[in-house]
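Q: After the structure tokens below, expect a handful of questions from me.
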Amino acid sequence: MNDAPLALTMGDPAGIGPEIALKAWNALRARREACFAVTGDPDAMARAARALDLTAPQVIAHMREAAAAFPERLPVLPVQDASASPEAATIAAIERAVELALSGEAGGVVTNPVSKAALYAAGFTFPGHTEFIDHLTRSAGTSGPRGPVMMLAAPELKTALVTIHLPLREAIAAITTERIIHVARVVQQALTRDFGLAEPRLAVAGLNPHAGEGGALGREEIEIVAPAIEALVAEGVAATGPHPPDTMFHAEARAKYDAAICLYHDQGLIPVKTLNFHGGVNVTLGLPIVRTSPDHGVAYDIAGEGIARADSLIAAIRMAGEMAHNRARADDNA
């Protein structure tokens with residue numbers, strides 16, 4: 001089984017990433033829970049430690065040194081280009097973490113927030129973290145359907161998105177039967193392999209009010225969503241729907257499924273953030289590595305003030321550790 005330490009990227013050094021990394025380490029180290037090492041700029045991490053009055057991080061040369069260091073000092077793996085520019089350090093930290101996960105030296109990757117605007121200004125050509133990590137892992141391949149698929153996960157609810165960061169008009173146009181089927185397949189595999197569910201149940205949301213009211217309020221449910229569900233059921237996937245989105249997220253409804261397949265960004269994120277604003281985790285499914293991330297941004301407005309909450313990062317670290325353990329066990333038993 002792969003219970004290797006996790007690789008946590010530093011994130012944008014001008015944001016709250018270094019601060020919450022140290023706070024997460026301080027919260028988890030006493031129990032030796034979900035050991036991790038930070039990939040990034042040791043100087044940025046040391047500055048954050050001084051500001052928080054925490055023990056200075058320990059620079060390590062190899063991931064295998066992380067477990068011994070973790071109870072006393074946060075292990076940091078330096079990256080190339082750390083001193084060239086903050087953007088170069090941010091990108092190099094992601095590349096190093098993915099490299100460690102692909103080699104098996106790290107059990108998975110947890111990514112701290114980055115500023116897309118800052119990276120774009122430095123010549124970064126990918127839409128975001130997820131697409132970059134997908135690119136970095138393409139050569140490795142994966143068993144089962146390939147992602148990336150975005151899931152937002154909290155103890156109360158897991159939602160996966162058919163479309164992600166698109167204007168609403170474009171998102172509606174991008175919803176297809178084939179895309180719903182693909183996302184559901186990726187989610188089913190992840191729930192089994194990474195979350196340890198033997199027979200996962202999926203609830204597919206409708207698009208229109210009252211799931212279209214039999215076609216009176218729109219035909220997308222009839223022409224796009226229902227055929228996808230029928231195809232999934234024929235494959236043996238326990239999928240139901242289309243469910244009216246306004247009645248599928250209360251406690252009684254949630255008890256009947258393990259993950260909701262949502263058709264656009266806000267349909268999936270609003271219920272999770274309402275149920276557990278600080279504990280949600282962004283999970284990328286369908287990759288050859290485990291990848292999670294806290295569900296918030298760089299928070300420049302509070303960076304350096306020592307008031308950033310590490311709840312979501314701690315949840316992301318714990319979830320990545322559990323997923324890596326479950327995936328290794330599932331692969332060993334395959």
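Heads up, the Cβ atoms here are built off N, Cα and C, so glycines get one too.
This is the feature table in TrEMBL:
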BINDING   H129, T130, K273, N282, R291  substrate binding site
BINDING   H165, H210, H265  divalent metal cation binding site
Q: Quick check on the binding-site residues H129, H165, H265, K273: which one has the highest count of other Cβ atoms within 10 Å of its Cβ?
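A: Output for this query is H129.
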Q: Helix, strand or coil: which one is T130 (substrate binding site) in, per DSSP?
A: helix
Q: By Cβ count within 10 Å, point out the most packed of the binding-site residues listed: H210, R291.
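A: The residue with the densest Cβ neighbourhood is R291.
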Q: Of the binding-site residues H165, H210, H265, which sits closest to T130 (substrate binding site) by Cα distance?
A: H165
Q: Using the alpha carbons only, what distance in Å do you get between H210 (divalent metal cation binding site) and H129 (substrate binding site) once rounded?
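A: Pair distance, Cα basis, whole Å: 35 Å.
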Q: C-alpha of R291 (substrate binding site) to C-alpha of H165 (divalent metal cation binding site): distance in Å?
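A: Per the Cα atoms, R291 (substrate binding site) and H165 (divalent metal cation binding site) stand 19 Å apart.
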